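Q: Sharing a structure, written as structure tokens. Questions coming.
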Amino acid sequence: MKLTCVLIAAVLLLAVCQLDSADATGYMRKNPSLRSPKRTRGCKSKGSFCWNGIECCGGNCFFACVY
């Protein structure tokens, strides 16, 4: 029972993270100035702990920056 609850919580967390990063990607697509290489100054590198995909240079977050 505990394992089932943990798996459900993990899947829900992953879904929220994916929806959040998808929204950020759409926003960057609408505003071309955000896609410039200069924007990487304030972002976190691959392997850094994150809460949101916007924090990562690659835009993908799953507890740590993926790219």
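Positions of Cβ are set from backbone N, Cα and C atoms, glycine also.
Swiss-Prot lists these features:
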type     : residues    : note
DISULFID : Cys43-Cys57 : disulfide bond
DISULFID : Cys50-Cys61 : disulfide bond
DISULFID : Cys56-Cys65 : disulfide bond
SIGNAL   : 1-24        : signal peptide
Q: For the disulfide-bonded residues Cys43, Cys50, Cys56, which Cβ has the most other Cβ atoms within 10 Å, all shown protein chains included?
A: Cys56
Q: Can you grab the distance from Cys43 (disulfide bond) over to Cys56 (disulfide bond)? Cα atoms, rounded to a whole Å.
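A: With the alpha carbons as reference points, the distance is 5 Å.
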Q: Give me the Cα-Cα distance between Cys56 (disulfide bond) and Cys50 (disulfide bond), rounded to a whole Å.
A: 7
Q: What is the separation, in Å, between the Cα atoms of Cys57 (disulfide bond) and Cys65 (disulfide bond)?
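A: The Cα atom of Cys57 (disulfide bond) is 8 Å away from the Cα atom of Cys65 (disulfide bond).
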Q: For the C-alpha pair, I'd like the distance in angstrom between Cys50 (disulfide bond) and Cys65 (disulfide bond), rounded off.
A: 6
Q: Count, for each of the disulfide-bonded residues Cys57, Cys61, Cys65, the other C-beta atoms lying within 10 angstroms of its own C-beta, and report the residue with the smallest count.
A: Cys57
